[in-house]
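These notes are about the structure you will find just below.
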Amino acid sequence: MLLRRCLLPSVQVNFVACQLFALLMAVWFRIYLHPSKTSPFIRHVVATLLGLYLALFCFGWYSVHFLVQSGLSYGVMIFASLEHMHKYCFIVTLGYLILCQITRVYVFDYGMYSADFTGPMMVITQKITSMAFEIRDGLSKCREGQLTPSQKYLAISRMPSLLEYLSYNCNFMGILAGPTCSYNDYMAFIEGTSYQRRHQENANGKENGKVKQSEPSPKHAVVSKLFTCAISLATYLSLYRLLPVHYSIDDHFVKSTPFYLQVVYLYLAMLALRPKYYFVWTLADAINNAAGFGFNGYDTDGSPRWDLISNLRILDIEFATSFKLFLDNWNIQTAQWLKRVCYERCPVNPTAATFLLSAMWHGVYPGYYLTFITGIGMTMAARAVRHNIRPYFLASDLHKRVYDVITWACTQIAISYTVVPFVLLAVGPSLKFYSSWYFCLHLLCLLVVLVLPVKSRRRQPKEDGPQKEAAQGEQRHLCSTDNNCNQRDKST
């Protein structure tokens, strides 16, 4: 979140220093403030104070906005009626975020890569709005029969106290770069019940009972993720200046370079940009794991999984064979949030509404809206192709491999083409890029959607719930990504 654009070196160093400090504090927090040694109250207080300190160190007085946003939303939760609380909370929280984004962009530093204090507010917005819907799901008796299995699992059965609320929003593990998480999972971590619950839910408990008698250590997961961070950071710092995305709209480059080489350059430029996000999100995940948060049961071989709140799957991103598979493995927790608060609940055109909400949440730069509007067309076209063309390639393994290679190349080009405005930010440069490509993928998507029939995508009926309930318990939290990814893979 915080480093979603290329930052000045001083800001980048400041961010990394704070995250490394948070990593050390996470180790200390897990060892010396373990649930067996202290109370949830102390853990809440320490996690909150450390988080506010990091925010103050990074953003100065701008960090006051974190408390203002949280305070306004908590007031709405307390005083608004249960029936409308989630709507008011959504409007207030997202509205305050957008107001701060407008102020930062158009008043202080349009296009400047200074410390973006709205980055943490984006995560807080996710947490607050998710909590509001989950409180309504848990306290509203009339909705009990309307909830999906995942909504039942996430439903909050009592109103959080102010300390619990602030700890959830502003804890030191996620204040700077997230990722977001469910309130129930965070409370289980604070109270020390997350391991027992995952042990009970684990489908292989009998086979690996000996492993589950002791609390699993996150050491291996943390070291592995820190190694990934080091590689990602080194790759990004080595390549991003050599392959700037802005060069793709350079007049001399466009006129003198064959089109196929422009396509290759765009792919390489976007490939060099992604390690920045890999570094930020993987480091944030490692910090949470070091504190003991993120345990998600066991693999079939008995190895502990620490991917409960992981935000990306790098190999699945780089080798994605469809637009949806790429998105399902990129910024996973944000995708879950969008699904829970918008896609599952929007009665009219949930796909378009979800893309619009994503654009509003990201910020007020016009390039964000161009990217997500283009994404709607790309999603519809990819769905149509998969419905109508993919079945012809399933006759043999060779045909399937050929299809996978072709769709991988198409996916990488489509993603690169779509996100160019997200990087360029402004309308002029973005349209200049698209015009240099003659809007070819826009026109192709429109043609595909008009020519190829597509089955309407509706939410699964309630009777599908028992089948999902039978899935492994540790997968419930991830059903909006892992299971949904599989469903989309079959149906899009």
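Cβ atoms are placed via backbone N, Cα and C, with glycine included.
Noted in TrEMBL for the protein shown:
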REGION    459-492  region 'Disordered'
TRANSMEM  12-33  transmembrane segment
TRANSMEM  45-68  transmembrane segment
TRANSMEM  88-107  transmembrane segment
TRANSMEM  222-240  transmembrane segment
TRANSMEM  252-271  transmembrane segment
TRANSMEM  367-385  transmembrane segment
TRANSMEM  405-427  transmembrane segment
TRANSMEM  433-452  transmembrane segment
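The stretches the transmembrane segment (405-427) and the transmembrane segment (252-271) are in mutual contact, each linked to the other by at least three Cβ pairs under 8 Å (pairs 6 or more apart in sequence). If you look at the transmembrane segment (433-452), the same-chain residues 6 or more away from its ends with a CB under 8 A from one of its CBs are 248-249, 254, 262, 374, 377-378, 380-381, 384-385, 387-389, 413-414, 417-418, 420-421, 424.
Counting same-chain residues at least six beyond the ends of the transmembrane segment (252-271), those with a Cβ under 8 angstroms from any Cβ of the stretch are 243-245, 412-413, 415-417, 419-420, 436-437. Within its own chain, the transmembrane segment (88-107) is flanked in space by residues 65, 68-69, 72-73, 76-77, 80, 116-118, 121-122, 124-125, 128-129, 132, 341, 360-361, 363-365, which lie at least six positions past its ends and keep a Cβ under 8 Å from the stretch.
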